[in-house]
Ligand SMILES: CC(C)(COP(=O)(O)OP(=O)(O)OC[C@H]1O[C@@H](n2cnc3c(N)ncnc32)[C@H](O)[C@@H]1OP(=O)(O)O)[C@@H](O)C(=O)NCCC(=O)NCCS
């Protein structure tokens, strides 16, 4: 029997217009362009402005563009999964809202919360629905409005994050392209190092949680950096090893964009030259679940059918993982 694989057949990103530069951050906290660029590789990031606009707005814009680009009507979609850590509401989920905004009705849609590994988790999950043969068109979205939970008085975190979204269409492939292997991992013992303390069921919002700035991202940067470098490189090496890949036959590394130094360490460990690594952190910063689809969107014109891509991510939880896929089309 021919094996059905889930192949990405379209990609679309969306970033808000407003550009928050390092120069503007210098007016907000004690920092400077030289420190930010040398420590992180980030020059600017996008910020979603506008009353009442959340992650669903950016996700819906990406999905609308994806449907138009792939000549797909909303009625053809079988399932939509949204990875986000900044949902519009505790409920309903952001995927439900996106479907409503783009006219996708009466199909399953739900969110995945795995912080910066969210898109990789969602892609892993979405691909299974295609592989069973049951679903023909699945959309996977990554969308995060990090500016909603970033403390712009905390110089250690506010320089890192930005807003954005990306969406892919998954369809069956029987020619040997598509998602070939994936690994997802987590370790909840990472909770103290990267979290948003209040606003959930453990510490619901109170005047005190607001006064204590507990609704913002808390991060122990040095600890997170250490775990990220080790685990992202380990999991990428693991997926390469078990699929007989070396640095030479990997066409592209598509890493989560958290810090340019983490990306370089991962590429180095994999034996992949930086000319084969997708990097757009300088433009967008860390957009959490959107980094990987935004990379694929930016590099789409350079991708060839059959290219070997290794996706790798690391995030809060901790969560991490890697996907090996063969690219399915020429743009
Ligand atoms: C946050 C991060 C960039 C900080 O870089 P670092 O090299 O570890 O820097 P440190 O935290 O050790 O800080 C070094 C010094 O710079 C200072 N500093 C921190 N932020 C600064 C800023 N924005 N501007 C200027 N100086 C800053 C610190 O206060 C510290 O000063 P000190 O030595 O006088 O105390 C880095 O740890 C990182 O990228 N961590 C991982 C983040 C991540 O991946 N998060 C998302 C996971 S998906």
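Every residue, even glycine, has its Cβ placed from backbone N, Cα and C.
Keep in mind that what you see is a predicted model, and the values were worked out from it rather than measured.
For the ranges 252-256, 257-261, 262-266, the feature annotated in TrEMBL as region 'ACP-binding' maps to 257-261. Here the region 'ACP-binding' (257-261) has long-range neighbours at 39-42, 116, 160, 225, 228, 279-282, 284-287, 291, 294-295, 314-315, meaning same-chain residues at least 6 beyond its ends whose C-beta is under 8 angstroms from one of its own.
Note: the CA-CA distance between residue 256 (active site) and residue 286 (active site) rounds to 8 Å. Between the alpha carbons (Cα) of residue 116 (active site) and residue 286 (active site) lies a span of roughly 9 Å. Around the Cβ of residue 286 (active site), the same chain contributes 42, 116, 146, 160, 161, 162, 256, 257, 258, 259, each under 8 angstroms and 6 or more positions distant in sequence.
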